[in-house]
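Peer 1: What TrEMBL shows for this protein is this:
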{"type": "SIGNAL", "residues": "1-22", "note": "signal peptide"}
{"type": "DOMAIN", "residues": "76-341", "note": "domain 'Peptidase S8/S53'"}
{"type": "ACT_SITE", "residues": "Asp85", "note": "active site, charge relay system"}
{"type": "ACT_SITE", "residues": "His122", "note": "active site, charge relay system"}
{"type": "ACT_SITE", "residues": "Ser293", "note": "active site, charge relay system"}
{"type": "REGION", "residues": "353-380", "note": "region 'Disordered'"}
{"type": "TRANSMEM", "residues": "394-415", "note": "transmembrane segment"}
Amino acid sequence: MNRARTLAVVVPLAAALPLGHGAPPHPTPPRLVAHSVATLPLPVAQCTPDVPAYTTDVPVALEVLNAELAWRTATGAGVTVAVVDSGVAAGNAHLKDAVTGGISFVDLPGVDPSALTDVAAHGTAVAGQIAARPVDGSGVVGLAPDSTILPVRVYVSTDEQVVDAGNGPRDDRIAAGIRAAADAGAQVVNVSMSTTVDDPGLREAVASATSRGTLVVASAGNRNTTQDTDDSPRYPAAYPEVLSVTSVDADGLPTADAIHGQHVDIAAPGTDVLTTFLAAGDCVMASGVPSTSYATAYVSAAAALVAQAHPDESPAQWEHRLLATAGRSTLDARDDLVGWGVVRPTEALAFVDDGTAPGPVSPVHGQDPRPAPSASPLDLTQVEDPLDATRRTALWWALGGAGVTVAALLVGRLARRPHSTTRR
């Protein structure tokens, strides 16, 4: 049996260069300008890869996360964020000056080996949340708009036939992608994927990357994109070195759509995400249903801001800044729904770790002797899904629209290839 296992991409749809810290800061941080009359952002089902479209709307998450105030301190300049995903469409106007290198672990006829294209739309959306540059006529910009994206392709799409052919996400490719990102000098690695399997190779890749100064940020898991819907640990998010991210809805509240548990560290907005769409401008992802994929991207961007402002700190210290300052009702308490709370980039940038802050244990000062009160869990009774039977016909499920439509262009070719053996 092939040891390589498939991983669940938590989507509601569907040779590297050495990198350093030397880029100059953004001369004029971008401004979030709300327009009284704006074009309505299109949901992904209505976005088409051949017709570029832009919206003057500003991503709501950037206002929630107080991005403009954070940009007075850092914009991600000099920080490289590796997006271990489906590739990144570097031709998108928001990303053409944001992408460097490109590494692909998928070798298929018709698939660009540079990882600078994307057929699943997922990697490009994540990259835009992190590092999209301002474009005339568009309100879309990333939370770390001067950071650099290193695309690391580890799968083609999550279409069932593509996965059966061995070209969906797999733990061995994810592990290789994390290692390659650290080798290339990425300070932050975004992994918007999860699996219930604690794979030794994946664990070792995370440990190796961390030891080299890289912070791995990963999705805590979505309930509607996996057959394993119980609140069990998801990997690589559950590894102690990894910053594990869940999503909250438009009201800042946890929902039953996400996997919860002891592995959850922090939360971020994950619904109605306005971001980059393939090479065709802007689009709304996760419309109405929070996705931890996109929440993870915002936390990776926040980590990039912190890494720029505090380059001499370790990944554990960057993580501690984000956790200690996350928004929560009880400062001493975490819970299994949102971890230590919702990320607050500005507060993380200004945080001074003198060992007295309530909450998570400081990697510098150790355990706070004060006992933490217990938190009462919320009742998140899951609503019956009318499409549950359909979803369970395959391990992979990509919801609606362009992600599936574009990926389908490859299916004819991939379906004719011999299937590799993967354990799901």
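Numbers run from 1 along the shown chain.
Using N, Cα and C of the backbone, Cβ positions are placed for all residues, glycine too.
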Peer 1: Using the alpha carbons only, what distance in Å do you get between Ser293 (active site, charge relay system) and Asp85 (active site, charge relay system) once rounded?
Peer 2: 10
Peer 1: State the mean pLDDT for the domain 'Peptidase S8/S53' (76-341).
Peer 2: 95
Peer 1: Do me a favour and check the Cα-Cα span between Asp85 (active site, charge relay system) and His122 (active site, charge relay system); whole Å is fine.
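Peer 2: Answer for this pair: 7 Å between alpha carbons.
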Peer 1: Suppose we draw a 10 Å sphere around the Cβ of His122 (active site, charge relay system). How many other Cβ atoms does it contain, all chains included?
Peer 2: 32
Peer 1: Which number gives the other C-beta atoms within 10 angstroms of the C-beta of Asp85 (active site, charge relay system), all protein chains shown included?
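Peer 2: If we count other Cβ atoms within 10 Å of Asp85 (active site, charge relay system), we arrive at 31.
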